[in-house]
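Visitor: Under the heading domain 'TRAP C4-dicarboxylate transport system permease DctM subunit', TrEMBL lists 10-416. Under the heading transmembrane segment, TrEMBL lists 47-66, 86-108, 157-190, 217-235, 241-257, 269-295, 315-344, 356-386, 398-421.
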Amino acid sequence: MSAALLVSLMGLFLAGRVQIAFALGLASLCYLLLFLPHLSLDVVPQQMFAAADSFALTAIPFFVLVGEAMNAGGISRRLVDFARALVGRFPGGMGIVELFASIIFASFSGSAVANAAGTGSITIPGMIRSGYPPGMAAAVESSSSSLGAIIPPSIPMIVYGSIAGVSVGGLFVAGYVPGILFGLALAIVIGGIAHRRGFPLDEPAPLREIGRSAREAVPALMAPVIIMGGILGGIMTPTEAGAVGALYSLLIAMFLYREIRVSDLPRIFLNTAAVTGVVMLVMTVAAVFSWILTFERVPTRAAEFFLSGVSSQQLLMIGVVLFLIVVGCFIDTISALIILTPVLAPMAAAAAIDPLFFGVIVSVALTLGACTPPVGVVLFVTASIAKTTVEDVSRAMVPFLVVLFGGTIALALLPDVVLWLPRLVGY
């Protein structure tokens, strides 16, 4: 009953178009005042501070800064040019170019929204010029951008790892195989749709053009090598790798590509601070909401309920994925992670589910909500770039969502597919 009341309060505020951070905060405050009046309100700032007081979370502003530097420094454009020269002639044309560019951009952005903004501003107009309807162009970008939070480094994985006490580096490594498999599945869907609708292909690029675009892109392609190489080599923590990646991105944008001036730095830093501030506000307020659930023993009761009614890990994982997909349709990824991780992680531990495997599946399932109506932030970003409606994009998203959701359920049933790479490198 307590959980239902708290969630109902949050839903009421969301229905009134209150922003998610304030909806969580108001619901928590109302619940404390009405149903737990014996508790001191000191618990609110205490839980907010405790949520922010994590070294792992300091990686978030650095990875946000990497994305800002890539966008402002013309690095995104060079990556798209390289992708077009390399794969533009394949079935799907500009759609495959966009997917390939998104996979590359995902390897240092950490965010689906950053991915959509970074590559979408270039590839969506290109797809439209190639004959893609605006809604379909935005749908290709939206589905591809979801890889930004699956292929490491991933901000959702950082958040999950910091809350659940799971190795962030291990989660990063475990995200590679799902990210690549999703990329291949999306390539098949894009190629099939493009072939059926007769979208044009690029002429094969001459070797000289491929070589020129590769030379331009190599410095940018070194960013993920530095970030993940440092983590896997044990040289840097994820936070340190993010800081080094941010510094490297700024240096090549300023001194190699010469597209960022010193006068541009305040704007870049302010954008980074604004994005980080929004993420941290949602995280700290959601931590209070999550604490109330824990205080009311919701995680324990949920674990007892599910474990008593589910006969196998496979059924439990399918139930968790379906539940998270529905949640992701209405609540943004970071908020959902903070609210649900304290509930779901103990349940997974009680069912003897590997914490790395569970963390990846939770992050992937919730990330798909970012490109799912009605609250899919990525849909709004891509629709605005394509100058079309969110409804138009949502209709075009159907085949991509079927593949992404089906792939997530398949991965939930095949833990060895997710875990073989982390085991190979010692996690």
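Glycine too: its Cβ is placed from the backbone N, Cα and C atoms.
Note: TrEMBL annotation is automatic and uncurated.
Can you tell me where each of these features sits in the structure?
Guide: Remote same-chain residues near the transmembrane segment (47-66) are listed as 108-111, 114, 153, 155, 158-159, 161-162, 168, 223, 237-239, 241-243, 245-246, 249-250, 268-269, 272-273, 275-276, 279-280, 283-288, 291, 338 (criterion: CB distance under 8 Å, separation of at least six residues from the stretch ends).
With a threshold of 8 Å between CB atoms, the same-chain residues lying at least 6 positions outside the transmembrane segment (86-108) that come near it are 63, 66-67, 70, 76, 79-80, 115, 118-120, 122-124, 126-127, 129-130, 132, 137, 140-141, 144-145, 147-153, 179, 183, 186-187, 190-191, 193-195, 199-205, 210, 213-214, 221, 223-224, 227-228, 245, 249.
Long-range neighbours of the transmembrane segment (157-190) within the same chain, counting only residues 6 or more positions beyond its ends whose Cβ lies under 8 Å from a Cβ of the stretch, are 54, 56-57, 59-60, 63, 92, 95-96, 99, 103, 106, 110, 140, 143-144, 146-147, 149-151, 228, 231-232, 237-238, 283, 334, 337-338, 341-342, 345, 355-357, 359-360, 362-364, 399-400, 403-404, 407, 411, 417-422, 425, 427.
Packing against the transmembrane segment (217-235) from elsewhere in the chain are residues 66, 70, 75, 78-79, 81-82, 104, 107-108, 152-153, 169, 172-173, 241-242, 244-245, 248-249, 252, 256-257, 425: each is 6 or more residues past its ends and has a CB under 8 Å from a CB in it.
Counting residues 6+ beyond its ends, the transmembrane segment (241-257) has Cβ neighbours under 8 Å at 59-60, 62-63, 65-66, 69-70, 72-75, 78, 108, 153, 219-220, 222-223, 226-228, 230-231, 265, 268 in the same chain.
Residues 3, 6, 10, 20-22, 24-25, 27-28, 31-32, 36, 43-44, 47-52, 57, 60-61, 64-65, 68, 155, 159, 332, 334-335, 338-339, 341-343 of the same chain sit 6 or more residues outside the transmembrane segment (269-295) yet have a Cβ under 8 Å from a Cβ within it.
Beyond its flanks by at least six residues, the transmembrane segment (315-344) meets 14, 20-21, 24, 51, 112, 149, 155-156, 159-160, 163-164, 279, 282-283, 286-287, 289-290, 293-294, 298-299, 302, 306-307, 351, 353, 358, 361-363, 365-370, 372-377, 405, 408-409, 412-413 of its own chain at Cβ-Cβ distances under 8 Å.
Residues of the same chain lying 6 or more positions beyond the ends of the transmembrane segment (356-386) and with a Cβ under 8 Å from any Cβ of it are 112-113, 116-117, 120-121, 124-125, 128, 134-135, 137-139, 141-143, 145-146, 149-150, 154, 156-157, 160-161, 164, 166-167, 170-171, 174-175, 178, 317, 320-321, 324-325, 327-333, 336-337, 340-341, 344-345, 348, 392-394, 397, 400-401, 404-405, 408, 411-412, 415, 418-419, 422, 427.
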